[in-house]
Amino acid sequence: MLHRTIHLFRKELRLHDNPVLLAALQSSEALYPVYILDRAFLTSSMHIGALRWHFLLQSLEDLHKNLCQLGSCLLVIQGEYETVLRDHIQKWSITQVTLDAEMEPFYKEMEANIQCLGAELGFEVLSLGSHSLYDTQRILDINGGSPPLTYKRFLHILSLLGDPEVPVRNLTAEDFQKEGLSSCLPGLEKKLRVKDVLCLALHEERRCSAPDPDLAECYRVPLPVDLKISPENLSPWRGGETEGLQRLEQHLTDQGWVASFTKPRTIPNSLLPSTTGLSPYFSMGCLSVRTFFYRLSNIYAQAKHHSLPPVSLQGQLLWREFFYTVASATPNFTQMAGNPICLQICWYKDAERLHKWKMAQTGFPWIDAIMTQLRQEGWIHHLARHAVACFLTRGDLWISWEEGMKVFEELLLDADYSINAGNWMWLSASAFFHQYTRIFCPVRFGKRTDPQGNYIRKYLPILKNFPSKYIYEPWTASEEEQKQAGCIIGRDYPFPMVNHKEASDHNLQLMRQVREEQHRTAQLTRDDADDPMEIKVKRDHTEENISKGKVARTTE
């Protein structure tokens, strides 16, 4: 039987390295590419804010354009998942639904519901994963059924697995016009059942029809105004596979930069991203991590010397994979309560202080500039993320990492269930990171890499006229100097909301006590290489250690 298929795009918003879409085309006589825009799901489960809405809609528009170039189109149907599927399964006589397999609990629940719906209505369901380098279940199986909780253990498991699967080939117009088993990437047929493979062989020259062009107009990609989203969008990141691939090619052109890239040497307050800036495209599935991994492998193979994990570009992809794996098998991964690997800490509940941090009103220009860039552009450098996360949690305000995670979830273009929660646990020293005596100074760290304060002048123009010696601490300028700068501290820009030294000293004692009382939990995510004398590390060396990269990693 040749299927009439709805292919559901969820996070894999691309045509390159999309194995389940390729499999759908191989097994179907008619294919309907569909994105169900379930606003309630996107706001309640994924908590996306305005900038992410813009990025998503741009990505959908780009996907539609690319499908049109191949003779098909994208149908964006608004509504609740089950209702939309029930209506269109019957309307289009659908016998198969294909979708990308994901590991987040809400996506797993959605897939389970679709499986139940298939059993009820009589259609088959096929899901394949390509959002991560590896099948996380294979990693869990090799590790005895539980996730490896340290990066060192994780790399050992990967050494047993070998390299990730290679990307499947790119789709072409021929895929939407005729299908044949011979055009499958070797190995793809192993993912299908035997009867499907035989069916493909018997129908090698058949045609796979596209949706009626009238449907594309009926189910067009909505504009922000259609969804009552602010049309203003200051982010330099434009969504879509086309933009993501262009950015990828631009970075890979400089093979020397790729080979020598080390994450700790990048600059957190450079006016242009000093990292790849590809993370939003990986998060939304506009770019394939497997494609990036193997393009990097080709460059490394030609280089005499190249950087290695954890600081290399491939190392950043493996950090992403590490958090995906741990999150996939850890209950309540995105919260403290009921999370078996997370320290249980009595954080302060202070809505006013949380609001000041979120709205860039802490009185520390380095912190406020970072939060301003986040709100305006939806992206900040990984060390900038570290600085504001440390300030909110163990460094200065002692407010729960869950609150910070929710803000990042709303504002970051590359917000990701696994990586976002994993890094917030890390940066708050609730799990994974154990050198908790290393605390970012909200004044000295930014000054070290940008002594003139150009980053602050860009994102906090109210302070742009302060001399460089005051730009990080404008409250230390005299009243006359503040008047000359056109900014009176306490009126035009707030005084610091805390005394950093007093707050951080106090919080350090609280954290030391927590870790002594919950030693067993703390040890769960402690790498064998961690320094057992960590609590004796002198805080005088904080910025030096941080600048050398002895901090958490992200894939931004």
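In case you wondered, yes, glycine gets a Cβ from its N, Cα and C as well.
Since we're looking at a predicted model, the values are computed, not measured.
Look at TrEMBL and you will find 3-133 tagged as domain 'Photolyase/cryptochrome alpha/beta'.
A 10 Å cutoff on Cβ-Cβ distances gives ALA415 (FAD binding site) a total of 24 other Cβ atoms nearby, all chains included. Among the features that TrEMBL reports, FAD binding site is placed at 275-279, 316-323, 414-416.
Summarising the annotation, TrEMBL assigns site 'Electron transfer via tryptophanyl radical' to TRP347 (among others). Summarising the environment of TRP347 (site 'Electron transfer via tryptophanyl radical'), the number of other Cβ atoms within 10 Å of its Cβ, over all protein chains shown, is 20.
Taken from TrEMBL, the feature site 'Electron transfer via tryptophanyl radical' covers TRP401 (among others). Within the same chain, residues at least 6 positions away in sequence whose Cβ sits under 8 Å from that of TRP401 (site 'Electron transfer via tryptophanyl radical') are MET336, TRP347, ALA389, LEU392, THR393, TRP424, MET425, LEU427, SER428, SER430.
Annotation comment: TrEMBL describes TRP424 (among others) as site 'Electron transfer via tryptophanyl radical'. All protein chains included, TRP424 (site 'Electron transfer via tryptophanyl radical') registers 27 other Cβ atoms within 10 Å of its own Cβ.
Residues annotated as region 'Disordered' in TrEMBL: 518-556.
Annotated compositional bias 'Basic and acidic residues' per TrEMBL: 533-556, in sequence order.
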Per-region confidence, the domain 'Photolyase/cryptochrome alpha/beta' (3-133) (mean pLDDT, whole number): 96
Entry from the binding-site residues list GLY277, SER279 having the most other CB atoms no farther than 10 A: SER279
Number of helical, extended and coil residues in the domain 'Photolyase/cryptochrome alpha/beta' (3-133), per DSSP: 62 helix, 30 strand, 39 coil
